[in-house]
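Trainee: Let me give you the structure first, and then I'll get to my questions.
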Amino acid sequence: MTVTEILFGRLGWDALPFWHMLQNPTFKSVINDLIASGAGLMVVLGALVVVAGVSWLGKWGYLWREWLTSPDHKRIGIMFIVIALVMLARAIVEAVFMRAQQAVGLNGGFLTAEHFGQLFTTHGTIMVFFMGMPFLTGVINYVMPLQIGARDLSFPVLNLVSLGLTAAGAALVMVSLVLEPFSTGGWTGYAPFTELSYNPGAGVDYWIWAVSLSTFSSTLSGINFAVTIYKKRAPGMTLFRMPLFTWTALCTAILMIFGMPPLTVATGLLALDRYLDFHMFTTDLGGNMMNYVNLFWAFGHPEVYILILPAFGVFSEVFATFSGKRLYGYTVLVMATICIAVLSFTVWLHHFFTMGQSANVNAAFGIATMLIGIPTGVKVYDWMLTMYRGRVRMSVPMIYAVGFILLFVLGGMSGVILATPSVDYQVHNSLFLVAHFHNMLIPGVLFGMLAAVNYWFPKAFGFRLEERWGRRAAWLWILGFMLAFFPLYVLGMMGMPRRSVSFTNPAYLPWTVIAGIGALVALAALACLLLQLWVSVRDRDHNRVFAGDPWDGRSLEWATSAPPPEYNFPVIPEIYGRDAFMLEKDGGTPFQAPTQYQDIVMPANSAMGVIIGAAGFAAAFALTWYMWWLVVLSAVVMIGAAIARGFVRTTHYVISADEVRRTHEYWLREVEATTPIRRSQEQSGANRGRAVPPVEGAVQ
Amino acid sequence: MSRTITRHPGLNLGPAHDDDATDVREELVFGFWVFMMSDLIIFGMLFATYVTMLGATAGGPTPHDVLDIRPAFTETMLLLASSFTFGMASLALKYRQGRRHLVGWLLVTLVLGLAFVGHELHEFVSMFHAGYVPSRSGYLSSFFSLVPLHGLHVTFASLWLIAILFQIAVYGIDSQVKNGLLRLAILWHFLDIVWIGIFSLVYLGGAA
């Protein structure tokens, strides 16, 4: 072994994205490597721009103190969402490349099969683990403690560790653009294709470790959320007074606690096969690939509901707020959420109806799958009845919400079709399936999270998002989604397999072209979203809502300033019913000064998240490329940091009652000076974050 | 304060220990129980996988050939004894029997835990010498994915115990040390229960 081999393992020049093109310049290899190198260049440039920007502004100290080491759940939530948005941008660009390839894919196209395989693998992996999961984790992180009247999560430092692990996984996927290749095994990484004998390169290893980092992060987040909701609710906030978003957060947290470990086992055993010559899922010596499939989907199906439930929660808040009504059928919605959470563990087999079970087993799982449609249907009716006879304001979150209802029901229908095993035999592994799950996840998760951003952004940053670009983005997402995925239903019925780099049937062509146009529309929607953010930041002084209640909100988070102080509430509120803040407004007693202020104890900053995240990234990168010394070093750092943390005794600091009083009284004076507005003025500059109280005839 | 005792599952230290940490302690202990549930799913999945792989010997050694109940029995006794001594340490903590008692029981626990790990390692080494390696068959792979994971847990628990002993040396028996011991106790007994599962299902099952 040479020194280079010891230091760099199997990492060599051939990992650079343009290496192949230089060695073997053909037309196709040049095209593919130029695309790959461009992507790698974007990563390098992006990182350089961030580093240079922060240095130029001299903000490293600020970034370290106020963000990277801050245990504040609000800051951590925002950082999770930033990761999600960055990864969303990358995965959408990948989607555009895939659609472009299939639009010209009759007998060829411009991408190699290998490149296409990497694209659909990273696209899926990112959208599930590094877009959806961080997005919903971020939103729950931000909103849930405010909704239950808590000052922070139960374990703030653990929260930082969760963030660090997710960031490490996302960084690993990004680095795989510069030092190639990534896996071609799809986001599910089915063995035995992902075993060493068929996939000897670094790609699958990148996938295993990126996903593992994300899994650990989500397990810890789930524990943190569940304990917080069980133990940190304000006095009087009984379970059945919790806002529906918090209920969905609780169910998602429970699913994370029980649903993530099977994935840890699946990827862990796959790693043992690849690294230590085990035979868990290999084709020889007694390995059994069906174990992988079962383990993976024992995670994979609960995962679907981990993703969708928080979005249901967001929509429940949005429908109630923008209809000016209390949520219809609250108890039933809670029951339906719990039903979905429980049923989600009973249907995993429908992901592989065609893989050798008996017809009776298939039938049982098919029926269980269809049962999930019942609580989901109940929810849809509850949302519609919330709007019924409400004064509906078609704000940006509402556009997403209404688009969601219409499209999600369609997707649900195709889900019931797929749940029938005999039909599934016909359309499985075709684009029909791809159309179905995108039909659930885009209107569900993505619209839900974008609605959440539009809804809670003013709370987090103190100014409203610009509406015009927001509307454009929302409509383009809806249109882009329909153009991109409805043709895939047709293509699936025509028999086009999913994940095809090219095809020979000319009848597919018009549909793949329409889908390609749809992808471009979705790209335009992303551009509108970014423009919306840009314009909003530019015009922020015009849209300030410091008083904190821009939408005439109902739940507790709107009873604080925007942005809320670090400790959320100067005194922990007493809760007397559902829609706590609306009750106060109804009673004419919002914005009260407490009789007495007390010192507030808050968690102190900690570098644990950064240390564990950095060491986790190093360990994963080193494992991927066989740099064993770095693996050992990172493990020592992680264990050492955990032990050292046990010796830290100053884990909290105190904010004096006096400071709390000053901050609160300043805010109360500002609220007093803010002119309350009616809902008709909601989208104008007159909206400074205070609503006309109901007692003054606020029928808007 | 009207709040007198905490009611989290597990050993409640009670009012005599009320050092402004009751709420924190309740959350910590509850959170750790939840973490244990999550960890239990990992073991559950591995147990299930192991059972499906019993026949996957690929013409190699069968469970009957591979498994020797004698070392496993010794390991069981070591681990059960360590659980008992940890229980004694917890009682020493609860009834404030002083630092000597507490540290004494913890040290005995540590020695038993390390003896368990050492004995198990010795068993694995002799299995390797006999050619019973994970690369031989699916069955042996599943054995070596389940049983050593438990051993790894015991190793980390022992490491944690050493760290807490050093914390006691530095800070005495303060609130954080107590919180650490309460959680480590849960982990320790949890690993005991998992081992009962391993002994019954893997070793007794293999001997049958």
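Cβ atoms here come from the backbone N, Cα and C positions, even for glycine.
The annotation domain 'Heme-copper oxidase subunit III family profile' is assigned in TrEMBL to B:1-207. Marked as transmembrane segment by TrEMBL: B:32-56, B:76-95, B:102-119, B:152-173, B:185-205.
Can you walk me through where each of these features ends up in the structure?
Mentor: Beyond the ends of the transmembrane segment (B:76-95), by six or more residues, the same chain brings 11, 13-14, 17, 101-102, 105-106, 108-109, 112-113, 115-116, 119, 154, 173, 178, 181-182, 185, 188-189, 191-192, 195-196, 199 to within a C-beta distance below 8 angstroms of the stretch.
Beyond its flanks by at least six residues, the transmembrane segment (B:102-119) meets 71, 74-75, 78-79, 81-82, 85-86, 88-89, 92-93, 151, 154-155, 157-158, 161-162, 164-165, 168, 173, 188 of its own chain at Cβ-Cβ distances under 8 Å.
Beyond the transmembrane segment (B:185-205), the same-chain residues lying 6 or more positions past its ends with a Cβ under 8 Å from any Cβ of the stretch are 10-11, 29, 32-33, 36, 39-40, 43, 47, 50-51, 63, 67, 69, 72, 75-76, 79-80, 82-83, 86-87, 89-90, 109, 113, 143, 146-147, 150, 153-154, 157, 160.
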Trainee: For the transmembrane segment (B:32-56), what are the same-chain contacts with Cβ under 8 Å, counting residues 6+ beyond its ends?
Mentor: 8-10, 63, 137-139, 141-143, 145-146, 149-150, 182-183, 186-187, 190, 194, 197, 201-202
